[in-house]
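Undergrad: Straight from Swiss-Prot, here's the annotation block:
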- 1-19: signal peptide (SIGNAL)
- CYS24-CYS28: disulfide bond (DISULFID)
- CYS24-CYS40: disulfide bond (DISULFID)
- CYS28-CYS58: disulfide bond (DISULFID)
- CYS38-CYS51: disulfide bond (DISULFID)
- CYS38-CYS40: disulfide bond (DISULFID)
- CYS44-CYS50: disulfide bond (DISULFID)
- CYS51-CYS58: disulfide bond (DISULFID)
- TYR75: sulfotyrosine (MOD_RES)
- TYR78: sulfotyrosine (MOD_RES)
- TYR80: sulfotyrosine (MOD_RES)
- 228-285: repeat 'Hemopexin 3' (REPEAT)
- 338-380: region 'Disordered' (REGION)
- 347-378: compositional bias 'Basic residues' (COMPBIAS)
- TYR398: sulfotyrosine (MOD_RES)
- 400-453: repeat 'Hemopexin 4' (REPEAT)
- TYR401: sulfotyrosine (MOD_RES)
Amino acid sequence: MAPLRPLLMLALLAWVALADQESCKGRCTDGFIAERKCQCDELCSYYQSCCTDYVAECKPQVTRGDVFLQPDDEYRAYDYHEETRHNTSVQEEQRIPVLLAKTEETPVLKPEEEAPPPGPQTDDLGVPEEELCSGKPFDAFTNLKNGSVFAFRGLYCYELDEKAVRPGYPKLIQDVWGIKGPIDAAFTRINCQGKTYLFKGSQYWRFDDGVLDPNYPREISEGFKGIPDDVDAALALPAHSYSGRERVYFFKGKQYWEYVFQQQPSREECEGSSPSDVFAHFALMQRDSWEDIFRLLFWSHSFGGAIEPRVISQDWLGLPEQVDAAMAGQIYISGSALKPSQPKMTKSARRSGKRYRSRRGRGRGRGHSRSQKSHRQSRSTWLPWFSSEETGPGGYNYDDYKMDWLVPATCEPIQSVYFFSGEEYYRVNLRTQRVDTVTPPYPRSIAQYWLGCPVPDQK
């Protein structure tokens, strides 16, 4: 028996080492470790790679900082009509001196003189200047991996924050993306890499953190076989989990096509790139028991490639026959919950409204100053549930309050999709594929709710 003792000791040590490698004990803050057989990082639920004791050891929670509790255009909870009256009065106060100044500077024409015919204004290079609130239709919208929204119109592009256009925009598409505008469509994949695709004519370009990938542009017929050239709009959706497949909807004329990606990047492949905040927000929600809902929302019956076209107005109820642009909104949580006592709202609370965590600022050196004043409306009315990261119910800032709570089990995630047509936009519930019925109703003004343009005078 004596010779067996060393063998038993070795077997015991090997078992202990194996058990330690397959446990999250002491590993909850270590992040992803490729050499380990199972993982304890915050994305392991999505990749279905968690150790068996992940929940017990790491106690993951979907907390108030991980979820959005209203659609993109419903981030404020204080009274919509009061805000409208406030904005209108401010605009009237600011409009009077501007009009007077213009009146004083207008030259008086002599009888023999005639005013020159109106024409488009151009810059020194002969490029037509962009007018923010012109009401002209947009060509594309997309939500970049850092949470910023980019809008494309004609030769120009805009970066939008929660309230208006960011300082320094519009800029020429060619100066920012290296492509001469206009473009036809754009989308950003919702996976750990978060690459952005721009479409124009028969070609498409792919960008990683704003840098064009090698060997691009490519032909649409090669990279997206079965999808037509000159598309009008594109819309990307995530996979329900790592075992699922991502989808893109392409729209052209009165029809739309569904394209299914055959694979998504692995966890190891994403270690070398900056994380996608949009994807991280989605993946963190895998911690809760919403697998069935995610499968319902993001399931695809195709094994990859394009699916035969269908009619827009038949499947997306409430939309016009044709659309100019489309974009998936942030997933938000719908349901009932007890509201904590509401402290007095401060000015700083009203101004807060960050979409994603602090990594959002990691862009291509864009200005992120929020000092510019905006007339932008809240993009809709409100829901009396939770909050975005920095604002609680009613737009209140709870950063100074100790609040640790879980999303109630009765809640469920809602995926909104935005469609833009002409000077208006629609919000659609992906699960029902119907335009949301809210007040004020859809369609709504793009200029007012997305660009921060003044509210029209209400008589």
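The backbone N, Cα and C atoms fix where each Cβ goes, and this holds for glycine too.
Please go over these features one by one and say how buried each is and what sits next to it.
TA: Note on CYS28 (disulfide bond): other Cβ atoms within 10 Å of its Cβ, all shown chains, come to 15.
Shown in sequence order, CYS24, ARG27, CYS28, ASP30, CYS50, CYS51, TYR54, GLU57, CYS58 are the residues of the chain, 6+ apart in sequence, with a C-beta less than 8 angstroms from the C-beta of CYS40 (disulfide bond).
When secondary structure is read from DSSP and collapsed to three states, CYS28 (disulfide bond) falls in the coil class.
Look at CYS51 (disulfide bond): DSSP puts it in coil. The local packing around CYS51 (disulfide bond), expressed as other Cβ atoms within 10 Å of its Cβ over all shown chains, amounts to 21.
According to DSSP, CYS38 (disulfide bond) sits in a coil region rather than a helix or strand.
Neighbour count (other Cβ atoms within 10 Å of the Cβ, all protein chains): 21 for CYS50 (disulfide bond).
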Undergrad: Least buried of the disulfide-bonded residues CYS38, CYS44, CYS58, going by other Cβ atoms within 10 Å?
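TA: Output over disulfide-bonded residues CYS38, CYS44, CYS58: least Cβ neighbours within 10 Å is CYS38.
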Undergrad: Is it possible to list how many residues within the repeat 'Hemopexin 3' (228-285) are helical, extended or coil according to DSSP?
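TA: Each residue of the repeat 'Hemopexin 3' (228-285) counted once, the result is 9 helix, 17 strand, 32 coil.
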